[in-house]
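Engineer: Found this in TrEMBL, in case it helps:
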type	residues	note
ACT_SITE	Asp29	active site
BINDING	Asp29, Glu216	Mg(2+) binding site
BINDING	30-34, Arg42, His46, 74-76, Trp78, Arg80, Arg197, 203-205	substrate binding site
ACT_SITE	Asn77	active site, proton acceptor
Amino acid sequence: MTTKPTLLQQLPPDLDGNRLPKQVAVIMDGNGRWAGQRGLPRVMGHRKGVDALKALLRCCRDWGIPGLTAYAFSTENWGRPSEEVAFLMTLFERVLRRELAEMMREQVRIRFVGNLSALPDSLQAEIAVAMEETANNTGIEFTVATNYGGRQEILRACRSIAQQVQDGEITADAIDEQLFRQHLYTADLPDPDLLIRTSGEMRISNFLLWQLAYAEIYVTDTLWPDFDRSAFHQALLAYQKRDRRFGKIRE
Ligand code: IPE
Ligand code: IPE
Ligand code: MG
């Protein structure tokens, strides 16, 4: 009899189920390099990257992590060659359509954050359907940052708050952290506890600038398409070794 390879379906025993991050954010980087190393066009890396994201979502669900936010397309990514941008937009659309039934089965609630109105109409329509259909699902909260920029998000919040002040709805004194975060795309979501960036780059690249204030940052050299359960396991082990002080000191 052969024993099945361990799929780490259950939480690995060296992880503490009571100290898991509630919200994981991930900068899925390195798709182009992954493809390049194999002599493939960059877009093949993006295609493979979708599988890695699906696997991570399932892993979060299996291990009891309630929220995942993935950076899919930044406001700066429009500066890439138009064929790559077009491929990505079509990929997002196709994947959404293809995965909706499974997201319903698995009770995934999907949300998109970013300037969605600048996306192709057909993608916007697919996004609207997916968000609406999954709105009452009670499983994992899955957020996809698409045409997202942290600076743009903060400016948008400022404009909307300024408008409220101008309209006499609130006074300037009323602007505090609590109010400010209500004007962010992520108003309903907790701040990430853990930020993972793949491909070894030590930067934020305009992701969740406000929300990451006290996130633990984990950078791995693994390229995004290769980021699997065991890579996530390593990230969580590192996270659980961190001493989160939030500016205070240990007793
Ligand atoms: C991340 O991989 C995916 C997106 C930004 C859409 P990249 O496409 O940035 O891959 P590299 O960094 O060039 O290897
Ligand atoms: C960040 O990756 C954006 C996404 C993963 C969607 P980039 O590849 O665009 O970031 P830089 O250019 O290395 O900072
Ligand atoms: Mg990159």
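Each residue, glycine too, has its Cβ placed from N, Cα and C.
What does the local environment look like for each feature on the list?
Structural biologist: The number of other Cβ atoms within 10 Å of the Cβ belonging to Asp29 (active site), over all protein chains shown, comes to 22.
Listed in sequence order, the residues of the same chain lying 6 or more apart from Glu216 (Mg(2+) binding site) and placing their CB within less than 8 Å of its CB are Pro21, Asp193, Leu194, Leu195, Tyr239, Arg242, Arg244.
In sequence order, Gly45, Lys48, Gly49, Leu223, Trp224, Pro225, Asp226 constitute the residues six or more apart from Trp34 (substrate binding site) in its chain with CB-CB distances below 8 Å. In the three-state DSSP scheme, Trp34 (substrate binding site) is classed as helix.
Asn77 (active site, proton acceptor) falls within a helical segment according to DSSP. Neighbours of Asn77 (active site, proton acceptor), defined as other CB atoms within 10 A of its CB across all chains, total 18.
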Engineer: Pop the Cα-Cα gap between Asp29 (active site) and Trp78 (substrate binding site) into the table, whole Å please.
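Structural biologist: The separation of the Cα atoms works out to 16 Å.
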Engineer: Using the alpha carbons only, what distance in Å do you get between Gly30 (substrate binding site) and Asn77 (active site, proton acceptor) once rounded?
Structural biologist: 14
Engineer: Tell me which recorded positions (Asp29, Trp34, Ile204, Glu216) have a Cβ under 6 A from ligand 3; sequence order is fine.
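Structural biologist: Close enough to ligand 3 are Asp29.
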